[in-house]
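Listed in TrEMBL:
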DOMAIN    112-199  domain 'TIR'
TRANSMEM  279-295  transmembrane segment
TRANSMEM  307-325  transmembrane segment
TRANSMEM  331-352  transmembrane segment
TRANSMEM  387-407  transmembrane segment
TRANSMEM  427-460  transmembrane segment
TRANSMEM  522-542  transmembrane segment
TRANSMEM  578-599  transmembrane segment
TRANSMEM  643-664  transmembrane segment
Amino acid sequence: MQSPSFSIRVEPPELRDKQLADLGIQEVNLCDREFGDLECNAILIAEDQADRTVEDVSVSGLDEVGTVALSEAGAVSSEVDTPTRVTSKVGTDAECSEVEDHGQHQHRHWDFFLSHKQSNAQDTVQNLMVILTARLPGVSFWLDVEQDPTEKGMRHGVKKSKDVLIYLTEGLIESKYCQMEMRWALEFKKNIILVIETDERHGKPSIEKLIALCPPVIIPWYRDPEFREISVEKIIRARSVKKAGPTELAESTTELKLIDRVMKFMTRKVSGDSADSDVFDWTFVYFTVLCGVALPGAGRKTKAWSVAVRIILLTCGCMCLSRIFTTEGPAFWDIGTIVQIVFAHPIIFLFLHVTLTILKSPLIADLLENRIDAPIEAKLLRFKTRIGTCLAALLTVSLSFWGWAAYLPAFFDTYYLESASQQRPATLLLFGLAHGLTWVLILPLFFGSLFASLLMMFVLQELSFMALLTSFNELSPEFTRSGITATVATNSLLNINEMDLCNFQISFLENWKIYKALQWRASIPFVVFWFLEFGLMSWSLWSLSQGFEAQPEDPRVDRLRENWFLRVRLSWFLGSSLWFGAGAWIVALTPFGVSYYAWRLEMQAKQILFTHPGLRHSFLGFLAGFDLNFRVLFLHATVRLLPLYVCILIVNTVGFDAETVRIWRAV
């Protein structure tokens with residue numbers, strides 16, 4: 001089968017619709033624009049309508065070597081960053097799949113993977129490929145104009161190449177595709193060769209930044225033939241050797257560390273290195289780490305502590321379950337409160353585990369590194385995380401001290417500590433000490449893990465919403481400079497054309513899919529929690545049916561009279577219970593906060609003014625088809641259904657309060 005290829009040319013806008021219809025092109029996707037307001041209408045035209053294949057790819061604008069025809073064994077990769085980069089679905093999906101499977105990924109290997117920014121390095125990279133082929137007969141390359149330029153194809157090319165040569169030019173470090181190629185090269189532990197452009201006319205990058213990062217690794221590329229020969233020699237010497245000795249391995253390790261520095265520079269925000277540019281406040285980072293939430297990039301000790309916290313939660317849950325079988329002594333009050341604590345442990349474990357699973361997912365890596373460019377929103381998020389962290393820490397500390405006052409005097413009571421001298425079973429001493437010391441450790445982790453998980457889910461929701469706002473940058477540069485809130489506040493008309501709207505729709509659709517995927521993954525503990533809340537309604541209704549009159553015959557009344565700390569415990573459950581107290585309300589209403597984002601996006605979108613009214617109608621109609629609310633299975637956290645869920649919470653809370661009032665009135 002011949003490998004499919006196409007030619008790309010620019011057509012007048014008025015011919016676009018007719019040509020698309022004549023050719024039967026189903027979808028045209030334009031890549032990220034990096035040239036401000038430059039407009040380009042690119043039409044992908046199939047050369048051969050019979051089998052949709054041709055012999056080569058013709059690309060214009062090569063000032064040194066013109067169009068380069070490569071053999072089937074040779075190919076090279078890069079990111080296509082020009083405004084004319086398109087991806088088209090021609091023919092059926094089965095045909096495209098067949099071409100990809102048999103023409104691109106069938107046991108192919110390459111010597112070089114050439115990564116570059118096509119807008120200013122395409123000619124140089126192809127010239128470099130010709131020179132290296134002359135010096136190294138039989139050498140093979142991977143270049144996107146001859147291979148599969150999709151994300152899957154590029155990843156496959158990096159994986160199957162011996163060396164990854166990155167041609168550094170202006171704008172490459174901001175390119176998300178080049179960032180992905182660098183990450184893949186590090187992931188597959190490839191030998192990386194950095195070559196830098198030295199001619200300002202061809203995109204010479206900032207030498208100060210790159211040389212400061214890794215001076216021993218970067219190879220300068222000179223266009224003068226005599227100096228260029230030195231560059232070629234260095235590239236050949238930098239190739240990976242199959243059987244490397246100790247010296248070569250040591251040099252490769254050092255080089256990998258330097259490459260990692262470049263990688264950190266490429267993924268760092270352009271806003272700088274100051275503390276004010278960090279999205280997350282240091283208090284947020286330390287609080288989440290102490291509570292067992294290992295953030296992306298955490299060290300080995302932090303990850304080990306995160307695993308230990310989850311083990312501690314499950315272990316303490318089992319210890320609390322054992323209290324059901326030890327009804328002796330002042331530590332026991334009733335079975336109901338023990339059951340509440342026992343079921344709270346796996347719920348908190350589930351919140352923590354789901355949060356950590358989401359943070360480790362490739363979805364978050366893609367979101368953080370490729371889809372967020374909203375500096376104004378990032379500053380607001382920093383402020384929000386600082387306030388949220390302070391509230392979470394305050395709740396954790398206050399509820400922990402409250403719980404200690406309710407439980408530690410009971411476990412360290414003389415009834416248990418002096419059990420041996422009072423002819424009681426020796427196991428009571430072990431029971432009191434084990435549970436007392438465990439509660440000292442577990443209570444801060446118990447509440448801290450819960451609030452840290454909820455805080456992290458709030459942050460993930462904010463980040464996914466920031467990705468949606470980043471899509472608005474495709475409409476106008478004003479959104480990039482000032483943010484959507486400040487832009488719509490000016491009430492100025494924005495010159496938005498059809499191409500801008502098309503790019504926005506493509507970006508918004510991709511980011512919305514991530515937005516909903518994160519909602520589904522984060523919904524598991526909330527769905528389980530609300531399922532149990534629905535089940536508790538039967539007991540709450542029964543409790544309400546008993547009224548609020550005193551019940552002096554209740555055995556718990558005498559225990560409350562004898563031990564003051566049991567009264568503190570009853571008030572602690574009344575205020576902080578995960579099923580009936582403040583904990584229940586905080587967890588239950590968290591998904592409803594998503595409705596704020598849906599309302600905000602709708603309001604701000606309506607305030608955007610277009611110079612072309614017809615496009616504004618299409619824009620609003622497009623956004624109306626996307627639901628941002630939290631809807632998972634039976635849990636529909638919308639403003640319209642909020643009163644129903646609030647009624648369920650009220651019934652459960654008042655049902656527990658009714659039982660508490662009956663006991664207190666008897667005391």
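The backbone N, Cα and C atoms fix where each Cβ goes, and this holds for glycine too.
Count of Cβ pairs under 8 Å against the transmembrane segment (578-599): among 307-325, 331-352, 427-460, 522-542, 643-664, the largest is for 643-664. Between the transmembrane segment (522-542) and the transmembrane segment (279-295) there are fewer than 3 Cβ pairs closer than 8 Å, counting only residues 6 or more apart in sequence, so the two stretches are not in contact.
Here the transmembrane segment (387-407) touches the transmembrane segment (279-295). Their Cβ atoms form 3 or more pairs under 8 Å, with each pair 6 or more residues apart. Residues 530, 533-534, 536-537, 539-544, 546-551, 554, 556-557, 560, 570, 573-574, 577, 579-581, 584-585, 588-589, 592, 637 of the same chain lie 6 or more positions beyond the ends of the transmembrane segment (643-664) yet place their CB under 8 Å from a CB of it.
Helix, strand and coil content of the domain 'TIR' (112-199), in residues and according to DSSP, is 42 helix, 22 strand, 24 coil. Looking at the domain 'TIR' (112-199) alone, the prediction's average pLDDT is 87.
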